[in-house]
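Here is the structure we will look at, set down as structure tokens.
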Amino acid sequence: MTFDDLKARAASTDNIADLFISEPDRLSRMAHRIGPIRADFSKQRVSLDDLEALLALADAKHVKEWRAKLFAGEPINVSEGRAVMHTALRGVGGEAVADEVTAMRARIAVFSNDIRASGKFDDIVHIGIGGSDLGPRLVADGFAATLTASPRLHFANNVDGASVNDALAGLDPKRTLVIVVSKSFGTQETKMNAESVRDWLAQAGCSPRDHVLAVSANRDRAIAFGIHSDNIFDFWDWVGGRYSVWSAVGLSLAIAYGPDAFSQMLDGAAAMDRHFRDAPLKQNIPVLMALIGVWNRNALGYDSLAVIPYSRRLRKFSAFLQQLEMESNGKSFGRDGKPAGLTCPVIWGDEGTNGQHAFFQWLHQGTGPNGRGGAPVDFVAVLADHEGRPEHHRALLANCFAQSKALMMGKSEAVVRKENSDRADIDSLAPQKMFPGNRPSTTLTLDELTPSAIGYLIALYEHKAFVQGVLWGVNSFDQWGVELGKVLADTILTELERREIGDHDPSTKALIRLAC
Ligand SMILES: O=P(O)(O)OC[C@H]1O[C@H](O)[C@H](O)[C@@H](O)[C@@H]1O
């Protein structure tokens, strides 16, 4: 089975709505549950036979073998010679590091409880960017569905001074704990924000020893930066930044929401790990999600995926997934150095229902590179109401379910003509008011937005990204594509500081001149 075979199959793919008629057991075969998550793939434009072909592709691309390598802790990040063991942080696989992980989890729990019991801090400022920021921010919002942060949690990520200013606004330095999170401890934004916050503390006479912690895989750099060695929480080079929320990178979550919530999240992720490791591929939710994503990308030719959480508490989910999926699989060349073909689509989205009043027009009627229009959608909904407003919650869910139905069913030109038969301009109006339908989506429902369910959800997409990396033949665990801009930014920063314009193209020179 090859991508070309899939493309040939897709050329004759049916209408989704018709598939429910020709495949009476479609829903039961395409909706699967694990723990609090139910994944309904039945509104995808893929027949059960197509799914068999996709499972054959998984075999042809050795998904099971790669999955075994992942859990065995083999160095599958070949370009950096590293193992990939974020599942070991949840206690699944990576036995070689189990003791270190257990010790770190215990240290996080004891430390978090001590800080919470001490009552010394009202606020935590978490400084970090990319993988050292997106996961903790997503989870902090998610935990707020069922828990209250105490101390309160603030984030400074961007090098834009507004980021650190917003994070510190109204805070009392004497009652603030600062956690600097950087795997490399070499990231410009994080170091600059940490310096600014250190100055802010110093002006109030607060010592870094009492107020600043670091989380890093590079202890030496953290010490060189001036962090006391007792205040450093380590993590390891086998944890990729975008897979690191399960490590001490989540320390601020454990302090603010309690170590029990943090552990429950890890346990939820572990349950998803075991499902991914053990379930047959045809019932394996991350595998099916990955295969359907590849179908949409490589067979149907979609170039983006919209992820729409119908949950305000998950509104950062698409931003989180942009790093998880696009940094993992946004690559042109495979592990073998050969062109990889079409890989990761653009991931984008916003919370529902807000998006309905903005870009959903495009999802329903917009054009696309494949002539099919729009983009596939992952809808994510939480069944329980955590806000004590059942009428709002029913409306939220009604909108979510209505959108996936509308995308699939559309509204024919004939119906539009009937409804507007009195209009003289019906010939020009009808095509504008009709909905083509047959637009694919997946609906994920979570019973409740508990810490455990959040663990399940994030781990689901981690494994999806892993499987897609295997199918596309890329190394999902490096990110060389972010380096060039960083190096150039350093050069240009020096020029801005010295007011000296170096050797650049005319456009870049003109921009530097404007800022000098
Ligand atoms: O945690 P750090 O070392 O500070 O890295 C922060 C982020 O910056 C890098 O440029 C990478 O693109 C990300 O993968 C990483 O998560």
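Note that the numbers count up from 1, one per residue, in the order the chain is shown.
Including glycine, each Cβ sits where the backbone N, Cα and C put it.
Quick look at what TrEMBL lists:
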ACT_SITE  Glu327  active site, proton donor
ACT_SITE  His357  active site
ACT_SITE  Lys486  active site
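Structure coloured by features recorded in TrEMBL.
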{"residue": "Glu327", "record": "active site, proton donor", "contacts (Cβ under 8 Å, 6+ apart)": "Gly130, Arg242, Gln479, Val482"}
{"residue": "His357", "record": "active site", "contacts (Cβ under 8 Å, 6+ apart)": "none"}
{"residue": "Lys486", "record": "active site", "contacts (Cβ under 8 Å, 6+ apart)": "Gln188"}
